[in-house]
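Here's what TrEMBL has on this protein:
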type     : residues : note
DOMAIN   : 88-219   : domain 'O-antigen ligase-related'
TRANSMEM : 5-24     : transmembrane segment
TRANSMEM : 55-74    : transmembrane segment
TRANSMEM : 86-119   : transmembrane segment
TRANSMEM : 125-145  : transmembrane segment
TRANSMEM : 202-226  : transmembrane segment
TRANSMEM : 238-257  : transmembrane segment
TRANSMEM : 269-288  : transmembrane segment
Amino acid sequence: MLIKMLNIIGLGSIGTSLYAIYHYQVFIASHGLPLDYIVRDPNPQHRAMSTLFNANYYGLFCIFALLVGAYLFVKAGTKKAKVWYGLSMVLNVVGILLTASRMALPALVVGTITFVFFINRRLVLWLGGIGLAGACLVFFFPELLARFTSASFSHSLEEREMIWRAAWGIFTDYPLTGRGPMSYFSFFYLYGGKGQPHAHQIFLEFLSSYGLYGTAIYLIGTVGYFRERVALWFKPEVQAEIGLVTAMIVTVLVHGLSDVAVMWLQTGYIFLFIVTCPVAVWEALASYRSEDGYLKIKS
């Protein structure tokens with residue numbers, strides 16, 4: 001069942017990517033815009049969201065699907081399967097670019113490097129170097145990705161600061177308990193914030209909603225979970241499995257620095273489905289492959 005679900009996520013994302021590409025093509029054709037419009041316009045009027053709520057949520061979904069595709073690629077038993085999983089990864093990168101989401105790219109790089117660290121540590125330095133080179137190119141030549149130009153970035157940062165100040169205000173008024181789930185969405189107008197479904201910062205979302213007590217209880221409750229997962233870091237036979245779980249968590253934390261896109265039906269389900277999967281299931285999955293082979297796409 002787990003393998004079937006992972007295949008639905010990985011291979012199913014091919015359809016969502018093609019759907020996003022189709023809508024982008026329709027938009028640029030109807031407006032007479034160039035193919036690279038999405039990377040040249042600092043404030044594009046069309047940002048891909050495919051079948052999700054908005055572009056940022058779709059961007060996080062693409063990263064999740066790409067990580068799942070990478071895991072399936074590593075575990076694939078046939079060249080044909082590797083081609084399909086490789087295609088899904090490429091299309092999800094295209095989907096991320098079409099979202100014009102600023103935090104999706106850093107989250108993608110960090111999440112991918114985290115996964116590769118568990119698979120092949122030698123590749124980490126190469127990927128890190130490529131990521132650093134890309135960051136330098138965007139920094140010195142922001143026109144390559146217009147969304148990172150100073151004017152566009154400053155406007156977005158001002159909007160985020162307005163939201164963060166409101167969320168911080170909620171927390172400082174109710175520091176111990178917060179004001180309950182989705183406090184920002186419920187009370188932003190009392191603190192001069194902007195109407196958004198969340199605080200656009202995962203840590204502020206926790207503090208404003210649950211306060212110090214609630215956040216502490218949550219963190220204490222995860223101690224056993226992380227103890228079990230960290231133990232898997234040192235088991236060679238499950239490196240791909242624990243690499244996927246760790247990469248998913250790291251991705252959410254990095255993306256959560258300026259968004260809480262994991263708090264949605266599709267993204268939240270995929271995240272929880274993978275990270276809460278019992279350790280015994282991952283261990284069984286790893287040994288099952290070594291004995292029988294799997295993930296083979298039938299001709």
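Note: Cβ is positioned from N, Cα and C throughout, glycine not excepted.
The DSSP breakdown of the domain 'O-antigen ligase-related' (88-219) into helical (H, G, I), extended (E, B) and coil residues amounts to 106 helix, 0 strand, 26 coil. Residues of the same chain lying 6 or more positions beyond the ends of the transmembrane segment (125-145) and with a Cβ under 8 Å from any Cβ of it are 39-40, 105, 109, 112-113, 116. The average pLDDT computed over the domain 'O-antigen ligase-related' (88-219) stands at 91.
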